[in-house]
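Engineer: The FAD binding site annotation in Swiss-Prot covers GLY14, GLY15, GLY16, HIS17, ALA18, GLY19. Summarising the annotation, Swiss-Prot assigns NAD(+) binding site to 279-293.
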Amino acid sequence: MSDSFYRYDVIVIGGGHAGTEAALAAARAGARTLLLTHNIETVGAMSCNPAIGGIGKGHLVKEIDALGGAMAKAADLAGIQWRTLNASKGPAVRATRCQADRNLYRSAIRRIVEAQPNLTVFQAAVDDLIIHNGAAEGDSVRGVITQTGLRFEATAVVLTAGTFLAGKIHVGETQYAAGRMGDPPATTLAARLRERPFAIDRLKTGTPPRIDGRTLDYTMMDEQPGDDPLPVMSFMGQVSDHPTQVSCWITHTTEQTHDIIRGALHRSPLYSGQIEGIGPRYCPSIEDKVVRFADKTSHQIFVEPEGLDVTEIYPNGISTSLPFDVQLALVRSIRGFAQAHITRPGYAIEYDFFDPRGLKASLETKAVGGLFFAGQINGTTGYEEAAAQGLLAGLNAARHVQALPAWSPRRDEAYLGVLVDDLITHGTTEPYRMFTSRAEYRLQLREDNADLRLTGVGRAMGLVDDARWARFSSKQEAVQRETARLSALWATPGNALGREVVDTLGVPMSRETNVLDLIKRPELSYAALMRVPTLGPGVDDAQVAEQVEIGVKYAGYLDRQRDEIARQQRHETTPIPEGFDYAGVRGLSMEVQQKLERVRPQSIGQAQRIPGMTPAAISLLLVHLERARRSQVA
């Protein structure tokens, strides 16, 4: 092998959702990138539920897509049931979700990875990092060492190890080391990382038993068909990309199910003290649900097919680590599951994660230069949260190599910005999941405008290809043309257009009205307006029509939110230098000093969001920073 085989700009460790997006982003941004995975066959694998998107999560997928990422494209190629959640509510909380064929999804991701220029994939487990100990500039990463002793060099490394760092599986009283069922853990790497100055703790997650769908009685369940017409996930996607569509089903646990679980809690690793890690609040195990909601006589279960060519079913809602004999009994007590055959047991898995307050907004670690963390190791849960972090870390790893400034979106620019800011400012003690409720500016952060918010900046950083840019530019121009066309037209009670509007739509008109303003009426939409002969048929592109309507109907709310953002931004981006001496700021209490020292915020905005931070403390910081700036100028 030539020396170039061992030397890269960026190395990504791990081929899951964070790792693949990180490697693809680094390569698109111009870095010669190596993706190391313990098994090439599992690149892009969906380890838990076979679904992409949902409330908050779908927003992240759209943002990944707007920045040129792969997740939405793969979802379009693998989605076997599609739904728009909150379809009857406002655009800020509408979310796209697809049930995915896990084999089609994995294949789609692998094809995208293998077709990406600048990106090499190599199968190897990583046991250690090569760290340069610089006396003056601090520690920095220089590469990795594999299990077989190969040394790969790079000036930026992205670690996306998922649940593999010291992973331990629990099924009842049985426990053993694993990264997920069937895969070995990264035990040596975990031990090496514990020797470094990182704050490390344990989290846990779980997965339900898988069921042979041929052994279920669907007549006892409620069918849940997908939407018609079908949505798409990617801005570049088409309905024709989707494979064959199928239904999901809904059933429920019974009182017998709950009795079985209560009678076996003493054998649950969750309640025996065997598991130390904290699990995800919003995806609790069935044991947790039965204990925490003791008054409920049943819990809903979504019966989700794992793919078109397999018989396995994913019973969403019964994640468990109970012993297998208990799993079998509880499964067969569920409506329609009396004859169920379990193909794989459910289990819980504990793993190492790093306190994300040890990260910069770029996801570079504060302790080791050039080392980036992304995904579950930062305390998050979910494919979408991992993929979004991976894209950001991969991009910034490439920019680190190229000596370019790091980039991270603000809270008012992207859910990705909310995610990262929450993590690096507040940290987390339980797996973090994205919800629309976490964003204070969610009317600005809609699925439908992810491209408008992020594609321009993505293009400037090399993430967006020519085809996407051309289509995005065309959409923008079409929105502007249609908005201008309608705003130039006026309807009055006496003119022909006004009479057409009244006759066609049955709406009253007492004074001269701009046609565009008609969309602001609650009972009217762009589609309704286009039924007026003089105005129709309108634009063919549904995305363009949607942007025109939302831009008009919510103009007042959007303007007020933009004003609020402008006020908040006054000091948001004021930087705080690395190594800033908080003890030198006169008037800061010891409590505030300790909080600032622990988080080490990179900006005044981040400092403001530290729990317990006072307006007085922020004022003192601003005064001190301004004095320092003036003394440097002088």
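Every residue, even glycine, has its Cβ placed from backbone N, Cα and C.
Note that the coordinates shown come from a computational prediction; the quantities given were computed from them, not determined experimentally.
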Engineer: Please identify, from the binding-site residues GLY19, GLY279, the residue with the sparsest Cβ neighbourhood, meaning fewest other Cβ atoms within 10 angstroms.
Structural biologist: GLY279
Engineer: Using C-alpha atoms only, work out the spacing between HIS17 (FAD binding site) and PHE293 (NAD(+) binding site) and round it to an integer in Å.
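Structural biologist: So the Cα of PHE293 (NAD(+) binding site) lies 33 Å away from that of HIS17 (FAD binding site).
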Engineer: Rank the binding-site residues HIS17, ARG281, LYS289 by how many other Cβ atoms lie within 10 Å of each Cβ and give me the one with the fewest.
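Structural biologist: It is ARG281 that, of the binding-site residues HIS17, ARG281, LYS289, has the fewest other Cβ atoms within 10 Å.
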Engineer: For GLY15 (FAD binding site), what residues in its own chain, 6 or more apart in sequence, show a Cβ-Cβ distance under 8 Å?
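Structural biologist: Residues satisfying the criterion: ALA23, LEU35, LEU36, THR37, ASN39, ILE40, THR42, VAL43, GLY44, VAL113, VAL121.
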Engineer: So, three-state DSSP: helix, strand or coil for GLU287 (NAD(+) binding site)?
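Structural biologist: GLU287 (NAD(+) binding site) sits in a helix per DSSP.
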Engineer: Have a look around PHE293 (NAD(+) binding site) and count the other CB atoms within 10 A of its CB, chains all included.
Structural biologist: 12
Engineer: Which whole-number value in Å describes the distance between the Cα atoms of GLY14 (FAD binding site) and GLY279 (NAD(+) binding site)?
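Structural biologist: Given the Cα positions, GLY14 (FAD binding site) is 22 Å from GLY279 (NAD(+) binding site).
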Engineer: Just name the most isolated of the binding-site residues ALA18, VAL291, going by other Cβ atoms within 10 Å of its Cβ.
Structural biologist: VAL291
Engineer: Other than GLY14, GLY15, GLY16, HIS17, ALA18, GLY19, which residues of the chain come within 8 Å of the FAD site, judged by Cβ distance to the Cβ centroid of those residues?
Structural biologist: VAL12, THR20, GLU21, ALA22, THR37, VAL43, THR160, GLY162, GLY375, ALA386, GLY390
Engineer: If you count Cβ atoms within 10 Å of the Cβ of SER285 (NAD(+) binding site), leaving out that atom itself, what do you get?
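Structural biologist: Its Cβ shell of radius 10 Å holds 26 other Cβ atoms.
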Engineer: Take the C-alpha atoms of PHE293 (NAD(+) binding site) and GLY19 (FAD binding site) and report the distance between them in angstrom, rounded.
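Structural biologist: Rounded to the nearest whole number, the Cα-Cα distance is 37 Å.
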Engineer: Rounded to the nearest angstrom, how far is the Cα of ALA18 (FAD binding site) from the Cα of GLY279 (NAD(+) binding site)?
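Structural biologist: That separation, Cα to Cα, works out to 20 Å.
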Engineer: According to DSSP, folded down to helix, strand and coil, what is GLY279 (NAD(+) binding site)?
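Structural biologist: Reduced to three states, the DSSP call for GLY279 (NAD(+) binding site) is coil.
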Engineer: Counting only residues 6+ away in sequence within the same chain, which have a CB under 8 Å from the CB of GLY16 (FAD binding site)?
Structural biologist: GLY44, ALA45, SER47, THR160, GLY162, GLY375, ALA386
